[in-house]
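Feature annotations, courtesy of TrEMBL:
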type     : residues : note
TRANSMEM : 33-52    : transmembrane segment
TRANSMEM : 72-92    : transmembrane segment
TRANSMEM : 113-133  : transmembrane segment
TRANSMEM : 165-188  : transmembrane segment
TRANSMEM : 209-236  : transmembrane segment
TRANSMEM : 256-276  : transmembrane segment
TRANSMEM : 288-311  : transmembrane segment
TRANSMEM : 345-362  : transmembrane segment
TRANSMEM : 374-392  : transmembrane segment
TRANSMEM : 426-446  : transmembrane segment
TRANSMEM : 467-492  : transmembrane segment
TRANSMEM : 498-518  : transmembrane segment
REGION   : 580-619  : region 'Disordered'
COMPBIAS : 591-609  : compositional bias 'Low complexity'
């Protein structure tokens, strides 16, 4: 294969293409009515089912959940390990310098704002809800991996936190990073529409733009809507319970619940329509301050020295136990099946079901990052925040439980956070701060979800039409109202199970995304240039030693024999290498951009530097 064959028919060599953002292509961002209508009809059907027959919905979804967990729990466990390993390979292997954008592109958001948006969208309400609740559950009823320990003991504290971080830490964020990174790469480096279906184009080609792609994107909307609605339902329940505890009121009526949902819905729709930069970023930054101050307060007025020791011990034990926890299956112990179904498999399926929502949102805010910076930030940093947060809230809760049994007296999981805060000074004030944080989490999760669903409905439009965003925002509000007013916790539990069931087919999509992305990266222009460099150096050094011994330098000269050139290994006439690069006419040519990238690489090599700048967040 000769690298020079057919080069005259191309605007640029495939190794010199600088990357292409979707905004510079001929992509049609009009509304995909088939996707929109199909998703809307299915959503309306489930809303009606939950409103008029909540018991039936709960029974059907519970049966489906049992089947998925019992028959495919092994698949979710294996997939979680594979996804985590795949992302470590991308972020710290040979692809680490590939940029989620064109060559030399700078990040759109500052690292601080980027981290705040990742934190609020990916963790959200669950951080406050499960912060004291999940570690306390494991503390009193140990997981199978730690059943030899004594419940309520100090070693049980470490075990409870390790199990919690295993569920919420790097394994969960690896799922989000996979879909988010794949979408960002496809949209901002290969010029494809930021859709879940576009990720499969390296495998299925143009079929992703037909019925196959429509089904995938419709399903992504449905999973996103149900997943976010469940989170909003949990948040509304906790807000309502907070009002009852702080205000000293009795059980809230349906009118008050509808009022809470209405006010918050107006807030998140306004935020979503205002755009990511003005809406979500501002709210995310505010909530980082509110939630951060709340955590600092609990840390300072709580058992500070104890928590510092607990943090260190939990971190080191997690590193030591991670592989053992990955190996846990339903066959590990007699009671392991029930634990896996209720916790671990449930979480893995839950993260899979959230990947379209969180992944697409992460892609929108991660443009310009290298894979090394992306993986480091998206997986490592939020996991560190989770470890800190669960150590503070969960550790303080377990410490109090050892002292006076206060936390186990909480009437429900929604009560546990407020019970914890009222055991500390200024309980009423901190409970109000917690409610504010939950409200902001509610808004940021909902407006992020509305924007993502609107984008999927308009062929990946990064700035979807306001009316589409409003429609999906209203749908989210309607589902939340139906769950909490029409069916209460019964309908909420049923919809939670439905979300897990839908994760099973999406697990197949996750597998295909890894295959397709690896195929894309192998043909990335940066990787082609580096392969050319290796071939040229190896051939040049060998020839220099053979002809001149120690006294030679390596230069670049033309060869008449293509089989002896540095690109003899590559068939550059393969359309798959260049057909993706079709920018709109903007006064520049592919050769100009490509030559600029090549000149920059040459200057960097002359100065002994990498052709790509060092990632900002990886120093």
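We count from 1, first residue shown onward.
Placed from the backbone N, Cα and C atoms, the Cβ positions cover glycine too.
Contact between the transmembrane segment (374-392) and the transmembrane segment (209-236) is absent: fewer than three CB pairs lie under 8 Å, with pairs separated by 6 or more positions in sequence. As a quick check, the transmembrane segment (426-446) and the transmembrane segment (33-52) miss the bar of 3 or more Cβ pairs under 8 A, pairs 6 or more apart, so the two do not touch. When each of 33-52, 72-92, 209-236, 256-276 is scored by its Cβ pairs under 8 Å to the transmembrane segment (165-188), the top-ranked stretch turns out to be 72-92. Residues 68-69, 73, 76-77, 79-80, 117-118, 121-122, 167-168, 171-172, 175-184, 194, 196, 220-221, 223-224, 226-228, 378, 448-449, 451-452, 455-456, 499-500, 502-504, 506-507, 510 of the same chain sit 6 or more residues outside the transmembrane segment (345-362) yet have a Cβ under 8 Å from a Cβ within it.
Under 8 Å from some Cβ of the transmembrane segment (498-518) lie the Cβ atoms of residues 46, 57, 61, 64-65, 68-69, 72, 75-76, 79, 82-83, 86, 90, 175, 178-179, 181-182, 185, 196, 199-203, 216, 219, 222-223, 226-227, 230, 346, 349-350, 352-353, 355-356, all in the same chain and six or more residues away from its ends.
Nonlocal intrachain contacts for the transmembrane segment (209-236), taken as residues 6+ away from its ends with a CB within less than 8 angstroms of a stretch CB, comprise 32, 34-35, 38-39, 42-43, 46, 124-126, 129, 195-198, 200, 257, 260-261, 264, 350, 353-354, 356-357, 360, 438-439, 441-442, 445-446, 449, 452-453, 456-457, 472, 475-476, 479-480, 483-484, 492, 495-496, 498-499, 502-503, 505-506, 509.
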